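Engineer: Structure provided below as C-alpha cells; questions to follow.
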Amino acid sequence: MHYYRYSNVEVSCWYKYLLFSYNIIFWLAGVAFLAAGLWAWSEKGVLSDLTKVTGLHGLDPVVLVLLVGIVMFTLGFAGCVGALRENICLLKFFCGAIVFIFLLELAASVLAFLFQDWVRDRVKEFFENNIKSYRDDIDLQNLIDSLQKINHCCGAQGPDDWDFNIYFNCSSESKSREKCGVPFSCCIPDPAQKVVNTQCGYDVRKKIKSQWEDQIFVKGCILALEAWLPRNIYIVAGVFIAISLLQIFGIFLARTLISDIEAVKAGNAF
C-alpha cells in the first residue's frame, strides 16, 4: 500500500498508534474468549458433533462466550489493521460497527425501561426454558446454580418452577430420585458444613410449603433480581457509562484518523 506523507499535512501518529493500542486489547481479549469457548466445546464433545448445539433447548453459555469473542476479534482486527495500514474501509467498518452496537445498547436500555412488564415476561419464559434443560448441559447447570446461590433464590418465580424439569417434576410417572426436589443451589447453606451437600434438596417439595423456608430459598430469582437492581443501580449505571465512554472514545479516534487520511489524500490530489 502507498503511504502519504507531506510537509503540510500528514496522518497523526498519535491518533494512529493510540487507536492501534486501543484495539489490540480488544483483539487479544477476543482471542482469549474464542480460545475459552472452543476449549469448552471440545471438552463437551460439541466440536466433534455440532448437532449437540441445536439439541439443547436452553441457553448454552459457551455460545455467548463465542459470540462475544467473534465480535471483539473482528472489530479489534479491523481497528488494528485499519490504523496501521491507514485503510479507510476497515476504519469505517470498525467505526460503523461500534456506533451500531452503542445505539443497540441504548435502544435496549430505553425499551427495557419503558416495557418492564414485557421484559419480565420474556425473562420468566427464558428462565423456565433453561430450567427444562438444566441437566442437559453442564455449563448451563453451573450458570443456574451460581445465579441461585448468589441471589439466594430458587426457580424463576419460586421453587415450584422446578416442575418444568423432568428430573425434579412431582409427577407420579417420574422415576427420578430428584423427584419433587430442587437443585442443591436452592438450599440454605449450613455454615457448619465444609462439604457441599448436593442431596439437600431431595424430596423438599413433598413437605408442606410452610416448612420449605427452613431448608431452601423460597424467593424466585426474578423477584431477587428485581430487588437487587435498585440496590446496585449506581454500579450498573457506572458500568454502562464506562462501556459507553470507551465506545465513544473508539469512535472519536477512528473518525479523527479517517479525517486525517482523507485530508492527506485530498492534499495529494493537488
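Placed from the backbone N, Cα and C atoms, the Cβ positions cover glycine too.
Okay, so TrEMBL annotates it like this:
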- CYS153-CYS186: disulfide bond (DISULFID)
- CYS154-CYS170: disulfide bond (DISULFID)
- 20-42: transmembrane segment (TRANSMEM)
- 62-84: transmembrane segment (TRANSMEM)
- 91-115: transmembrane segment (TRANSMEM)
- 233-254: transmembrane segment (TRANSMEM)
Engineer: Express the distance between the Cα positions of CYS170 (disulfide bond) and CYS153 (disulfide bond) as a whole number of Å.
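Structural biologist: Their Cα atoms are separated by 20 Å.
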Engineer: Determine which residues of the chain contact the transmembrane segment (91-115) at the Cβ level, with the cut-off under 8 Å and only residues 6 or more beyond its ends counted.
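Structural biologist: Same-chain residues near the transmembrane segment (91-115) but 6 or more away: 23, 71, 74-75, 78-79, 82-83, 240, 243-244, 247-248, 250-251, 254-255, 257-258, 261.
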Engineer: Near the transmembrane segment (233-254), which residues from the same chain, at least 6 beyond its ends, have a CB less than 8 A from one of its CBs?
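Structural biologist: Non-local partners: 15, 18-19, 22-23, 79, 82, 91-92, 94-95, 98-99, 101-102, 105, 109.
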Engineer: Residues with Cβ closer than 8 Å to the Cβ of CYS154 (disulfide bond), same chain and 6+ apart in sequence?
Structural biologist: GLN148, ASP161, TRP162, VAL182, SER185, CYS186, ILE216, PHE217, VAL218, LYS219, GLY220, CYS221
Engineer: If you skip the near sequence neighbours and keep only those at least six away, which residues in the chain come within under 8 angstroms of CYS153 (disulfide bond), Cβ to Cβ?
Structural biologist: LEU147, CYS186, PHE217, LYS219, GLY220, CYS221, LEU223, ALA224
Engineer: Find, for the listed disulfide-bonded residues CYS170, CYS186, the residue with the lowest Cβ contact count at a 10 Å cut-off, counting only other Cβ atoms.
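Structural biologist: Per-residue Cβ counts within 10 Å for the disulfide-bonded residues CYS170, CYS186 bottom out at CYS170.
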